[in-house]
Every structure is written in C-alpha cells, then in structure tokens.
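Lifted from Swiss-Prot, the feature list:
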BINDING   Glu120, Gln123  Ca(2+) binding site
CARBOHYD  Asn8  N-linked glycosylation site
CARBOHYD  Asn18  N-linked glycosylation site
TOPO_DOM  1-28  topological domain 'Lumenal'
TOPO_DOM  52-175  topological domain 'Cytoplasmic'
TRANSMEM  29-51  transmembrane segment
Amino acid sequence: MDKLADLNYTLSVITLMNDTLHSIIQDPGMAYFPYIASVLTVLFTLHKASIPTMKIALKTSKCSYKVIKYCIVTIINTLLKLAGYKEQVTTKDEIEQQMDRIVKEMRRQLEMIDKLTTREIEQVELLKRIHDNLITRPVDVIDMSKEFNQKNIKTLDEWESGKNPYEPSEVTASM
C-alpha cells in the first residue's frame, strides 16, 4: 500500500513509460504518439486509482461482489466517455432504482390528479347550484303577501267611497 501512494514510485513508473515509448518510437514526428501517450496515461491513472480503492472497499464492505461490479461499471463508463460515446452501462440495481423513482413519481402525479379532479367536481357542483339559483322561473301569480310594505295598503273595495287616496288629484294654482 505504501508503494501505491509513494510519489517517487509513481514518478519512476512514468519515467519508465516515457523511456519505453521513446525507445519503441524512434521517429519523433510520428503522428500517433499523443494518442498512445494519452491512452497509456488514462490506463495508468485508472490502475493507480482503482486498485487501492478496490482494496479498501473490499476490506470495509460487507458485499464485495457489489463493490467490484460497481467499480467495473464505473471504469467501463469512464472509458466510454473518453471514447466519445454518450451511452452508459448500468447495473440492474440502478435500473431498479430508476424504475422505483419513476413509479413513485407516477403515484404522486396520480394522487395530485385525483385531488384536482375532486376539486373540479366540487367546483362544478357549486357552479350548478349558483346557476340554479340565478335562473328566473316564470310565475303566473305574484304573491305579494310576503312583501313587508304591503301590510297597510287597502284594496279598492276597502277604500272609503271607492276612491284611491293615493291617486293624484287636480290642483289649481292661483295666479
């Protein structure tokens, strides 16, 4: 473990890789050298990052299979991203988590639709009651007995001398 974290060891490995590449490739103008160097750098970085991480994870984890599977999937996804692919490899656990999240969201939306539908039905019933109260109904005879200002008014038969006292009479003004 000390060797993996030692800076001198890392620098010696990089120097060894550079010396090996320069000995293999004698022509300094070779076109593929940057690509080969970047691939080797990525592989070396993955090697340096994944091995200690996997060792620690396997020691501390209860389920080593899931840890190894997760590390391998992460490495494959990293390589796919470096290669320019937009697709990713997923495990069944991730798919199940996404399905659970989708089902939970659908249930939440269905509950909201149910609440909204109930509110809309209540609003429609309220509007119907308001409409029914506002509709004018044709009435043949108007019942004036309920009018409070009609109590003391006498009918034509009850008036003295049969004359309406409220009817205006002719008034002559003097000049």
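Glycine is treated like the rest: Cβ placed from N, Cα and C.
From a predicted model like this one, the values you see are computed outputs, not experimental measurements.
Put simply, Asn18 (N-linked glycosylation site) is 78 Å from Gln123 (Ca(2+) binding site) when counted between their Cα atoms. Per-residue confidence over the topological domain 'Lumenal' (1-28) averages 64 (mean pLDDT, predicted model). Mapped onto three states, the DSSP output places Gln123 (Ca(2+) binding site) in helix.
Just so you know, the Cβ of Asn18 (N-linked glycosylation site) picks up 12 other Cβ atoms within 10 Å once every protein chain is counted. It is 73 Å from the Cα atom of Asn18 (N-linked glycosylation site) to that of Glu120 (Ca(2+) binding site).
Other C-beta atoms found within 10 angstroms of the C-beta of Gln123 (Ca(2+) binding site) number 10, with every protein chain shown included. Residue density at Glu120 (Ca(2+) binding site): 10 other Cβ atoms are found within 10 A of its Cβ, drawing on all protein chains shown.
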